[in-house]
């Protein structure tokens with residue numbers, strides 16, 4: 001059974017009644033229950049639902065552009081009026097886009113409920129050009145703020161919430177910690193967020209984890225900036241950046257410098273959502289597995305969460321990082337997908353029960 005942490009009795013009862021999956025026993029797939037195996041296999045095992053997007057490029061204040069992929073769900077039977085159709089903003093992980101299997105599954109779940117989705121692709125990550133020498137990071141919320149206000153202004157009468165996965169969840173939490181109640185979002189769902197970046201990079205630098213995950217991540221990051229080398233080499237020694245062999249080295253040479261931090265420790269402190277959790281002002285449900293090498297169990301801020309009535313944590317003993325596979329052959333729905341579906345539906349259809357908290 002997952003551990004459900006919620007200091008608010010009202011929020012706890014709300015989840016028990018309208019999102020019962022968070023109190024049900026989670027049975028991981030028996031032949032790949034170990035966290036690292038779950039993490040590695042999910043992208044290959046799970047199906048990839050067909051989703052047809054409508055792309056929109058929006059301009060930013062500094063002259064850059066952000067790519068949004070819309071799933072309008074115009075065939076929605078439950079919400080035929082587009083102006084009031086509930087909208088879910090989805091934030092993928094570090095090098096993820098709207099094509100990730102976990103994003104496609106979230107959209108598939110939302111489609112069955114009649115909701116609209118929009119995927120926030122970080123700058124330059126989904127095939128579009130960088131118009132300025134600026135990328136993205138977990139701590140800087142300016143682009144996310146621009147996207148949230150853009151979507152809200154397009155559909156001001158539509159109920160609106162967000163869901164972030166991995167770094168997308170960290171970014172969303174950092175935004176919520178900064179804005180408190182001053183946000184158009186009704187609520188948020190967070191999956192496999194790294195709570196303390198210092199602990200995350202230390203875990204990823206252990207020999208086996210470096211081989212399985214760190215090497216892949218750094219390769220993806222370097223491939224990403226290589227595509228934009230002509231724009232970025234105006235500000236960076238790209239040869240030095242391309243020599244990085246860990247995420248920590250990459251962040252030291254590139255990310256922390258890009259966003260004006262004096263040291264990498266300053267960046268990691270600012271990027272760690274655990275430091276902003278007390279300031280979250282809307283209902284947030286956070287799912288983590290304690291065997292997640294990207295977010296070690298001992299670094300999950302359970303005591304801090306207990307100090308904020310808006311926050312609920314769901315902690316499983318197995319599941320890995322964005323894994324949560326279940327069933328003998330886990331191609332379709334995962335435990336994470338079920339938590340997403342039930343929580344989003346609970347907020348949009350019964351949220352008035354907790355918004356008076």
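From the backbone N, Cα and C atoms, a Cβ is placed for every residue, glycine too.
As recorded in TrEMBL:
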DOMAIN    86-327  domain 'AB hydrolase-1'
ACT_SITE  166  active site, charge relay system
ACT_SITE  292  active site, charge relay system
ACT_SITE  321  active site, charge relay system
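Residue 292 (active site, charge relay system) and residue 321 (active site, charge relay system) have their C-alpha atoms 5 Å apart, to the nearest angstrom. Counting in whole angstrom, residue 321 (active site, charge relay system) lies 8 from residue 166 (active site, charge relay system) by their C-alpha atoms. Averaged across the domain 'AB hydrolase-1' (86-327), the predicted model reaches a pLDDT of 96. In sequence order, 92, 93, 94, 96, 191, 192, 193, 194, 294, 321, 322 make up the list of same-chain residues 6 or more apart from residue 166 (active site, charge relay system) whose Cβ falls under 8 Å from its Cβ. For the active-site residues 292, 321, the largest tally of other C-beta atoms within 10 A is found at 292.
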